Amino acid sequence: MKKRQHLGVLGLGFVEFQIIFLLSIWLAFPQQAAGLRPIREKARTWSDEWLFGRKQVPEGGRFSAWNITGTYRGNWKFLDSLNSSSKFQDFQKSNGNSVVELVAVPTKITGVHYVQGVVLFHDVFDNEQNLGGAQISLEGVYIWPFRQLRLVANSGKESDAGQDENNLLSNPYHLLGIFSSQVFQESTRDRILQRKISPRNEMDKHCNIEIAAQISRVASSDNNGDKSYYHMEGLMESPGVGDDGDCFSPLFLNATSVNVEVYYNKAVNYTLMVTFVSFLQVLLLIRQMEHGNTQSGAAKVSIVMIGHQAIMDAYLCLLHLTAGILVESLFNAFATAAFFKFVVFSIFEMRYLLAIWKATRPSISGEGWETMRRELSFLYSRFYGILLGGILIMYELHNYMRPILLLMYSFWIPQIVTNVIRDSRKPLHPYYIVGMTATRLAIPLYVFGCPHNFMRIVPSKAWCVCLCTFMGLQAVILLLQHYFGSRCFVPRQMLPEKYNYHRRFNQDISRNTDCVICMTAINLRQRTSDFMVTPCEHFFHTGCLQRWMDIKMECPTCRRSLPPA
């Protein structure tokens, strides 16, 4: 009689009473509920008060079974203003982000699903080890006629812990989030893969943890375009045993399911974008190599600028390859992007780097093979030494990743400085300047500018504007140098003295002479802009000598080195 009065208070009907009665019988037999610990009977708690106090009207039919298996992302916060934690003194945060992995399996009992899962709380601990996350293994039941989910901590079996870890490692949403967090440092050192040294295994061992949640369906447009299906709201509490106090105060969970297929599509689309950008960069490099295919043209290009871009592409190749290894199901997509980046830096950019090195050392070929091999070894050792050293520096300075990215995207500056020092004339093709600037901006603008990027990086409009302005300023300076001269923006008072090819010549020289380039006569009585005089007193047509100097910076008559025009 008392039980029926209690059910009347809860507002349950005959069918619901039957489900709960059968569930209690099922939980009593361990052979049918292997590993499932029944929820402990206790006095009225936060979760019971919250869960059974809500009036839930199921959508889509009262007995429509929803499959709640999937990944849920959301946030958590304490209901009390001050957390009263007796076992974890460093449990000082009041709110943060959370990720929940659930696997629901139907049982023989109508209306009941057996649920296993893992919940990760980010930004929980505030301690010297800088470990900000807590991971808890869970198991329980989902009573789908009432859309109610009841879970308890599962820390008793070592096999389950390994299985939960394997499930965690197989989730692409999870792993790529870890990867991007480690690379771009958007969260404080969430060492999700280092479970043995973190306190996330201690909570479920020393605390009784229970979660009571309500499941509801949400529209596909209510979750920022991720096409989520279910929303979970509930309470998590840790009641004490005997004289022990609560491990922590009750906290509120709020999470929405994520469509992993959409996440896959976003990752694949990103790799397609990277592949297309890499293909465009190959075409631009070929165009630039054709523009400066002579010894003089290659010598005008800064070897530091090409080496800088080659190191950037090597880093991108390693990053995409690592992401593909982390997520096996996306390996083909990320490996393709990594392969194209490998082709860009290892074939085209390294080949161009070698051509520039040979052009700046024209006499090295006459000094023997041993000297050339020694110089080449020194070149490659410097390149790969800087490549490996940069990885170590970025690892140590990971908290300053955005300033490091700005430094990496200053690769046009060495060419600008080289143009001013050497007074180089049109070293880079305009298509190469504009095209390479645009393609280099594609990846950072996606990562830091796309509001729904698959890496779960919070967009930063200010940083994207800063990066675009910085890169655009470099490109504009290079274009000004191309069309108006390498020193057009430098005050004349700061410029060093420059040889004048249209200078006055010795009047005793014969007034009639021939240009050895075009083999036609030069009229020295015409204005001086029509012909040029070298330091070795040889005369050439202006156009003839300029075209010759694009090939070699030597006098066509006596092979003496020529100063920049």
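For all residues, glycine too, the Cβ spot is worked out from N, Cα and C.
Feature list (source: TrEMBL):
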{"type": "TRANSMEM", "residues": "7-29", "note": "transmembrane segment"}
{"type": "TRANSMEM", "residues": "267-286", "note": "transmembrane segment"}
{"type": "TRANSMEM", "residues": "298-321", "note": "transmembrane segment"}
{"type": "TRANSMEM", "residues": "333-355", "note": "transmembrane segment"}
{"type": "TRANSMEM", "residues": "376-395", "note": "transmembrane segment"}
{"type": "TRANSMEM", "residues": "428-448", "note": "transmembrane segment"}
{"type": "TRANSMEM", "residues": "460-484", "note": "transmembrane segment"}
{"type": "DOMAIN", "residues": "515-559", "note": "domain 'RING-type'"}
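With helix defined as DSSP H, G or I and strand as E or B, the domain 'RING-type' (515-559) counts 11 helix, 12 strand, 22 coil. Counted as Cβ pairs under 8 Å, contacts with the transmembrane segment (267-286) are highest for 333-355 among 298-321, 333-355, 460-484. By the Cβ criterion (distance under 8 Å, sequence gap of 6 or more), the transmembrane segment (376-395) is counted as touching the transmembrane segment (298-321), at least 3 such pairs being found. Confidence annotation: the domain 'RING-type' (515-559) carries a mean pLDDT of 81 in the model. Recorded stretches compared: 298-321, 333-355, 428-448; the one with the most Cβ pairs under 8 Å to the transmembrane segment (460-484) is 428-448. Proximity of distant same-chain residues to the transmembrane segment (333-355), defined by a Cβ-Cβ separation under 8 Å and at least 6 residues beyond the stretch ends, is recorded for 267-268, 271-272, 274-275, 278-279, 281-282, 285-286, 288-289, 298, 301, 303, 306-307, 309-311, 313-314, 316-318, 320-321, 323-324, 327, 376, 379, 383.
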